[in-house]
Amino acid sequence: MAGLSMAESGGGRDLPAKLTWQVIICCIIAAFGGLMFGYDVGISGGVTSMDDFLEKFFPAVYHKKHEATEDNYCKFDNQFLQLFTSSLYLAAIVSSFIASFFCKKFGRKPTIQAASIFFLTGAVLNAVAVELGMLIAGRIFLGVGVGFGNQAVPLFISEIAPAKYRGGLNICFQLLITVGILIANLINYATSNVHPYGWRISLGCAAVPAIILAIGSLVIEETPTSLLERGKNEEALRVLRKIRGVDNVDKEYAEILNVIELAKQVKHPFRNLMSRSNRPQLICGTVFQFFQQFTGINVVMFYAPVLFQTMGYGSNGSLLSAVVTDSVNVVSTLVAVFVVDITGRRVLLIEACIQMLAAQSIMGTILAVHLKSANIMPKGSAKLVVILVCVFVSGFAWSWGPLGWLIPSEIFPLETRSAGFFFAVSMNMFCTFLVAQAFLTMLCRMRSGIFFFFAAWIVVMAIFAIFFLPETKGIPIDEMNERVWKKHWFWKRYYEDSDIKKRSQEIQDKSEGGSLE
């Protein structure tokens, strides 16, 4: 199949490959799992600002919202309203654990198909919900879909993509998350005046990307790595030739097969993941996910319409402002697609920290000065906050957003890849749940100080990216240990100690063998 000619050099070995249309199509279809995730992230904030929705399911919040004397920062402080958003992520934590085993035993492709079925079920339940329990049940099914999709899709793309283009292709997942958020807010804007069932249309439209993914997943290829893991060697060789666009794939095939044979010696990947030599990837993969959520991005993505209403925008104005920020999100993620394999990962992360820190600090200052408990924020200041939100979102969208899924998907060795990525996904979902469940209460208690809270975490993130995160650009995923971790100034000590212990054990075994003779 026609493609871009490319030769990867990895540890002295040339792995001929082309960027084929087959790879591009497979990655785009798989990335629709990100569109489903993004749609559900975006839809909840807009729906929870609709009066029809609040009056039916959260009447207490509806009445508080329309009380003229109600504190600006506390209008939406309701644990059940927050549970509507956060229950999805709590379900995703549990389901990603199940998905890690499902992914290894049955493959990446069936896991993606299962995600689409869970998403479709959740969308239908939400669209026809008549009481709060049914609404939460629908969100839980969506959460299971998120767990399965987020576990399988980044691994699928990392394993199927050539190393030279892995970064850009993997970011397609995050790109479609941002597209999903944008589409959700456009639909919310369109349905906000459809009374009294506009919210049902918004929630029910989540079925569309689920159906697209379900149909599209029928035509994608399983990854050669997953096929070899399950003993389907001939099919793996056929698929590898097809996705690489060349017949000479013997070296890459042998390399994957060798890695799999070593991985099979690990009987308990979760236990092995805790060993000293696997600790650098585990720490970086999970800490990265923690930092991604504590940038404060979900303050904007989940609750942008609520946040803008707090500043004095009307219902439609707040939704329109959210659409503007979401458009910036999509365009900025496109930037990451094209530059991540050129500049590398760390440059984008460090630059974004400076950008997000400035935006968060200025936003917090403006709100502290101009938004009090019962006033309407001056229009000029409110518009400036929207601009600063766009600056903040753009920094996140070309760095910590997409790289939060790319880096953990490429750093783990095969023997602990599914287990390691489970921990990364679970940390992401747990922190997302934590922020979603607590944000409206934090906004009520901390007021504008919430922006300084997240700004402090951005300083810590910058230190982490500068000193502890190695560069992984262009490195084949099965060569990360030798070419990245064992050469890093800090993490190499974990391997040196393990190598010394291993050599000592070998000498002891030989010594005992000689004494027995």
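Each position is counted from 1, following the chain as shown.
Backbone N, Cα and C atoms are what each Cβ position is placed from, and that goes for glycine too.
TrEMBL: automatically predicted annotations, no manual curation.
Among the ranges 136-157, 246-267, the stretch that TrEMBL annotates as transmembrane segment is 136-157. Looking at which of 21-39, 114-130, 169-191, 381-401 has the most CB pairs under 8 Å to the transmembrane segment (136-157), the answer is the stretch 114-130.
Of the recorded ranges 21-39, 169-191, 197-220, 346-369, the transmembrane segment (319-340) has the largest number of C-beta contacts under 8 angstroms with 169-191.
A contact between the transmembrane segment (381-401) and the transmembrane segment (21-39) is absent, since fewer than 3 of their C-beta pairs, 6 or more residues apart, lie under 8 Å. Highest Cβ contact count with the transmembrane segment (450-469) among the listed stretches 21-39, 80-102, 114-130, 197-220, 421-443 falls to 421-443 (criterion: pairs under 8 Å). Within the chain carrying the transmembrane segment (21-39), a Cβ under 8 angstroms from the stretch's Cβ atoms is held by residues 1-3, 112, 115-116, 119, 145-146, 149-150, 152-153, 156-157, 160-162, 169-170, 172-184, 205-206, 209-210, 212-213, 216-217, 219-221, 242-243, 245, all 6 or more beyond its ends. Beyond the ends of the transmembrane segment (80-102), by six or more residues, the same chain brings 40, 44-45, 48, 57-58, 61, 110-111, 114, 118, 132, 135-136, 139-148, 150-152, 302, 418-419, 421-422, 425-426, 429-430, 432-433, 436-441 to within a C-beta distance below 8 angstroms of the stretch.
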